[in-house]
Amino acid sequence: MMICCIQILLLLGVQLALSIPNFFYHDFRKGNGNKEIHFSGVKLHVDSAQPAVFAATGDNVTLPCRFWYEPELTSPREPRVKWSWQPAAGGHETDVLVAIGSRSRSFGEFRGRVQIRQDFPGDAALVMTNLMLNDTGRYHCEVVDGLEDKSTSVYLELRGVVFPYQHPRGHYHLSFLAAQQACEQQASTLATFSQLFQSWKEGLNWCNAGWLADGTVQYPMTRPRVPCGGDGLAPGVRSYGRRHLQLHRYDVFCFSSTLQVNSLTLGRLLSNVGGKVYYLQPSHTMNLTEAQQACQEDGAQVAKVGQLYAAWKLSVLDRCDAGWLADGSVRYPITRPRRNCGPSEPGVHSFGFPPPQHKHGVYCYKSGDELM
Ligand SMILES: *[C@@H]1O[C@H](CO)[C@@H](O)[C@H](O)[C@H]1NC(C)=O
Ligand SMILES: *[C@@H]1O[C@H](CO)[C@@H](O)[C@H](O)[C@H]1NC(C)=O
Ligand SMILES: *[C@@H]1O[C@H](CO)[C@@H](O)[C@H](O)[C@H]1NC(C)=O
């Protein structure tokens, strides 16, 4: 009884607020004092044409969702559409946008970045601009018309690459927070389990355990061997479960997407234009400070590890020359393994963190803006 009255009040409120001339309901039965709202057998349906959408950072994406009535209605209606988001990294479901007809409101990080498409009657697709690394997860499209309430979900995944990262001093030096910062400093973000799992399916094999975004510690194994869990284990993503975020130290799995201008420090990605990673070696090899100067003189910066991985994976960068990177490591990207170019598998190969006076070439990064 209470619930039903509150509903009616809410409905009246909505109706007044929107001043829609005719009332929402075909059939409003009072009868036996048991006030029930009926929809005269009209059913609301909601679905999505795509259960998952893949995109890259900086992209504009559309998450499909549509609703319709059965039997079809003669006059159009404006139900309430609500999109919410369950981050892939874990955490609470948060509101993205609420819309009734052409009026809508967006929330939090999504403010000003999302709208409902409304290309045809019943189109409730969510259009999101300037996709960020941490926008991945499950998006929930809920349509409410009176007591009818139907919903569907769309997963948003980013195309990108997962890479293991360790502290310059060696393995198992990173707390969870330090791991998060290490990824951000290298133009990436903590990988989610589904990103690591996808990479494992694509062949990522790493014998050291690393933090993931949800605070668990795991490692992907495609070729079990003795120092790596033993011969007896089946290949898979092995988990140590949740570890203590401050006390325990591991490596980390970072996730990097397109060669976006990465302005994590500015809080927002400012540009939609991708950048470029390239190898630079003037007439001589350089120590770390000379390498930094060389990139600067070329109107660029020393590339971050995430940018080199993204260039290797997404732009198929292949170069058999080891070069300095922003974190003081020396690496090189190989997509076509060949003789005298290191291991027989494709990958970004590493010489670790040599002393800064050692001499190498350098990988520079130019953002899209600097390219223009
Ligand atoms: C995304 O949409 C915005 C505005 O709607 C537009 O300015 C921008 O160029 C689009 N970006 C891409 C990558 O299509
Ligand atoms: C996502 O990352 C941006 C920076 O790229 C940050 O400003 C924002 O707070 C993050 N959003 C969430 C929900 O963590
Ligand atoms: C690199 O070489 C320059 C001289 O060309 C020197 O001044 C600088 O200290 C060296 N830096 C490092 C890190 O060795």
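Including glycine, each Cβ sits where the backbone N, Cα and C put it.
Keep in mind that TrEMBL annotations are predicted by a computer and have not been checked by a curator.
Small disclaimer: the values here were computed from a predicted structure and weren't measured.
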Disulfide partner of C364 per TrEMBL: which of C228, C254, C295?
C295
Just give me the nearest neighbour of C364 (disulfide bond) among the disulfide-bonded residues C207, C228, C320, C341, Cα to Cα.
C320
C341 (disulfide bond) and C228 (disulfide bond), Cα-Cα, nearest whole angstrom:
25
At the level of the C-alpha atoms, what whole-angstrom distance separates C341 (disulfide bond) and C295 (disulfide bond)?
24
